[in-house]
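K.L.:
Before I ask anything, let me first share the structure, which is written out below as structure tokens.
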Amino acid sequence: MDPVPGTDSAPLAGLAWSSASAPPPRGFSAISCTVEGAPASFGKSFAQKSGYFLCLSSLGSLENPQENVVADIQIVVDKSPLPLGFSPVCDPMDSKASVSKKKRMCVKLLPLGATDTAVFDVRLSGKTKTVPGYLRIGDMGGFAIWCKKAKAPRPVPKPRGLSRDMQGLSLDAASQPSKGGLLERTASRLGSRASTLRRNDSIYEASSLYGISAMDGVPFTLHPRFEGKSCSPLAFSAFGDLTIKSLADIEEEYNYGFVVEKTAAARLPPSVS
């Protein structure tokens with residue numbers, strides 16, 4: 001019988017035997033009756049009146065891919081070796097307890113991320129009863145044991161907790177401060193820094209005829225010892241006695257007639273005898 005399509009329920013994480021006179025192990029639920037409604041107590045006899053219930057435990061979380069799930073169930077003869085990869089189902093409170101003298105139940109546990117199919121449910125019935133949609137494993141203790149297999153769900157990655165630094169980078173509007181508040185705090189920080197600067201600092205002196213400095217608007221200043229000579233104030237006093245000359249004044253002052261050159265060029269070269 002092929003596995004049925006996956007269901008919304010979680011796969012089984014384990015099976016265990018529990019004495020009928022005691023509560024099931026923590027995290028397990030007991031199969032107390034068959035599909036027909038008859039009591040489902042194993043091993044009940046004159047020597048052992050309480051008997052045992054088969055208990056199931058479902059996988060609680062899909063976040064851990066290494067969490068084991070029940071991949072298969074088999075019924076084997078008590079004295080025969082267990083199939084490869086299988087382990088016996090036992091009573092957690094009494095590992096030596098014997099449920100059946102002839103047979104024993106064993107399960108194959110695999111990590112959730114390493115199996116394609118898993119067991120999702122187990123039911124008990126009389127030997128002549130058929131349970132639709134379930135695969136018959138075998139007979140034990142006067143009952144027919146059925147299991148329902150389905151496609152194993154894929155592990156769900158566990159969400160990571162964001163640190164405060166990462167939350168600061170989040171685009172979630174609910175966790176971000178308002179734009180107006182952010183601008184106000186930024187302006188406040190820049191204002192407090194700019195208030196420590198003085199207009200007579202060399203970086204704010206006029207470095208051109210327009211009085212605009214490359215440092216205007218920069219919210220920090222260099223330490224004086226890192227300022228070079230090029231940052232010193234410009235001495236405009238050197239231009240105080242500047243005389244503006246006309247074209248005629250320049251031609252008169254720098255007029256040169258080239259008389260010597262012309263005289264030398266006019267001389268005849270000496271004759272060669």
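Note: Cβ is positioned from N, Cα and C throughout, glycine not excepted.
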K.L.:
May I ask you to indicate which of 155-160, 197-202, 227-232 is given in Swiss-Prot as motif 'SH3-binding'?
P.N.:
155-160
K.L.:
Looking at Tyr204, Tyr256, which one is marked phosphotyrosine in Swiss-Prot?
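P.N.:
So the answer, going by Swiss-Prot, is Tyr204.
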K.L.:
Here are some residues: Ser61, Ser100, Ser195. Which is flagged as phosphoserine in Swiss-Prot?
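P.N.:
Matching Ser61, Ser100, Ser195 against Swiss-Prot annotations yields Ser195.
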K.L.:
Out of Ser58, Ser207, Ser213, report back the residue that Swiss-Prot marks as phosphoserine.
P.N.:
Ser207
K.L.:
Among Ser32, Ser170, Ser246, find the residue to which Swiss-Prot assigns the annotation phosphoserine.
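P.N.:
Among Ser32, Ser170, Ser246, the residue Swiss-Prot annotates as phosphoserine is Ser170.
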K.L.:
Is it possible to list how many residues within the domain 'MABP' (9-151) are helical, extended or coil according to DSSP?
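P.N.:
Here the numbers are 3 helix, 69 strand, 71 coil.
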